[in-house]
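S.K.: What Swiss-Prot shows for this protein is this:
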type: ACT_SITE; residues: His44; note: active site, proton donor
type: BINDING; residues: Ile168, Thr169, Met170, Val171, Asp172, Met173, Ser174, Trp224, Lys225, Gly304, His305, Glu306; note: NAD(+) binding site
Amino acid sequence: MKVTFEQLKEAFNRVLLDACVARETADACAEMFARTTESGVYSHGVNRFPRFIQQLDNGDIIPEAQPQRVTTLGAIEQWDAQRSIGNLTAKKMMDRAIELASDHGIGLVALRNANHWMRGGSYGWQAAEKGYIGICWTNSIAVMAPWGAKECRIGTNPLIVAIPSTPITMVDMSMSMFSYGMLEVNRLAGRELPVDGGFDDDGRLTKEPGTIEKNRRILPMGYWKGSGLSIVLDMIATLLSNGSSVAEVTQENSDEYGVSQIFIAIEVDKLIDGATRDAKLQRIMDFITTAERADENVAVRLPGHEFTRLLDENRRNGITVDDSVWAKIQAL
């Protein structure tokens with residue numbers, strides 16, 4: 001089915017107000033969920049909203065909480081999220097990293113006791129729109145087996161890197177081949193994954209999203225490389241924030257809350273003039289996109305460049321929402 005941005009936001013806002021979230025907070029949170037969905041990231045927008053409300057009802061998310069600064073060390077700050085609403089707090093933390101970068105050329109905010117930030121790409125994009133390089137990542141509950149193991153002991157720990165090119169170039173990727181949210185999107189659409197995304201119950205690689213959702217044997221991105229990167233991202237976020245690691249979140253909490261996150265902004269214009277920056281970025285993009293195509297009908301793409309097109313299409317034609325997901329939200 002198709003809905004408008006206004007219908008989405010109104011539905012989210014109603015549920016949040018019914019959950020006794022303060023009006024101003026509910027409006028800001030509903031706006032972010034609707035913007036994420038409008039951008040085409042359904043897995044961490046409309047599809048994730050019922051799970052968000054479940055955690056709100058369970059007390060994992062404390063809607064009235066506000067993040068508190070703990071430590072300042074020049075361009076680095078350490079904050080405690082106090083288990084506040086994840087997407088609203090993440091936006092504030094990237095804003096703070098940008099402020100630090102304006103003073104120091106680079107800003108780093110390490111956040112502990114945080115909640116799921118929904119679409120991580122929103123915060124990298126936020127920095128790039130203002131002319132900064134944006135880098136951020138989060139750890140998570142253990143939902144992936146390290147390479148060579150069967151048990152989930154590492155997080156998907158998504159990493160975002162956004163570059164202020166025209167259009168913005170951005171990588172937004174979990175350390176698994178697919179996030180669990182994207183497994184759900186493909187399952188709801190009745191689609192196989194385009195490439196292997198995990199293991200079946202017999203330990204064979206599979207493209208069947210429902211199987212991977214059930215057995216939790218998701219495939220690390222790049223096999224052992226994604227497994228290793230997940231581990232070091234967790235270590236850095238834990239140390240810089242003095243927060244919880246994947247092990248602590250998994251073993252000590254009843255659900256995924258109290259995670260650790262990193263937000264970095266770099267002011268490129270302190271290092272290179274605007275004209276030179278634009279020329280260098282354009283040369284990189286042209287060099288890549290003019291490569292001979294493997295399939296003459298499929299263009300060579302740069303990461304993140306499709307988001308502007310998706311946003312325009314959804315604004316023009318309406319936002320596609322799975323019927324069963326919309327029914328869940330209406331029933332909340």
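From the backbone N, Cα and C atoms, a Cβ is placed for every residue, glycine too.
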S.K.: Determine, using Cα-Cα distances only, which of these binding-site residues is closest to the residue listed as 'active site, proton donor': Ile168, Met170, Ser174, Lys225.
M.R.: Ser174
S.K.: Taking the Cβ of His305 (NAD(+) binding site) as reference, which residues of that chain separated by at least 6 in sequence fall under 8 Å from it?
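M.R.: In sequence order, Pro167, Ile168, Thr169 meet the Cβ cut-off.
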S.K.: Within a 10 Å radius of its Cβ, which of these recorded positions (His44, Lys225) has the fewest neighbouring Cβ atoms?
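M.R.: Across His44, Lys225, these recorded positions, the one with fewest Cβ atoms within 10 Å is Lys225.
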S.K.: Per DSSP, to which secondary structure element type does Lys225 (NAD(+) binding site) belong, with helix, strand and coil as the options?
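M.R.: The three-state answer is helix.
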S.K.: Counting only residues 6+ apart in the same chain, whose Cβ is under 8 Å from the Cβ of Asp172 (NAD(+) binding site)?
M.R.: Arg119, Gly120, Gly121, Gly124, Pro158, Ile160, Pro303, Gly304
S.K.: Please list, in sequence order, the residues in the chain of Ser174 (NAD(+) binding site) that are at least six apart in sequence and whose C-beta is under 8 Å away from its C-beta.
M.R.: Thr156, Asn157, Pro158, Leu159, Met221
S.K.: Who sits close to Met170 (NAD(+) binding site): which same-chain residues at least 6 apart have their Cβ under 8 Å from its Cβ?
M.R.: Gly121, Gly124, Trp125, Ala128, Ile160, Val161, Ala162, Ile163, Pro303, Gly304, Phe307
S.K.: For the NAD(+) site as recorded (Ile168, Thr169, Met170, Val171, Asp172, Met173, Ser174, Trp224, Lys225, Gly304, His305, Glu306), determine the largest distance between any two Cα atoms, in Å, rounded to the nearest integer.
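M.R.: Overall maximum Cα spacing for these binding residues reaches 30 Å.
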S.K.: According to DSSP, which kind of secondary structure is Asp172 (NAD(+) binding site) found in, if we only use helix, strand and coil?
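M.R.: Once the DSSP labels are grouped into three classes, Asp172 (NAD(+) binding site) ends up as strand.
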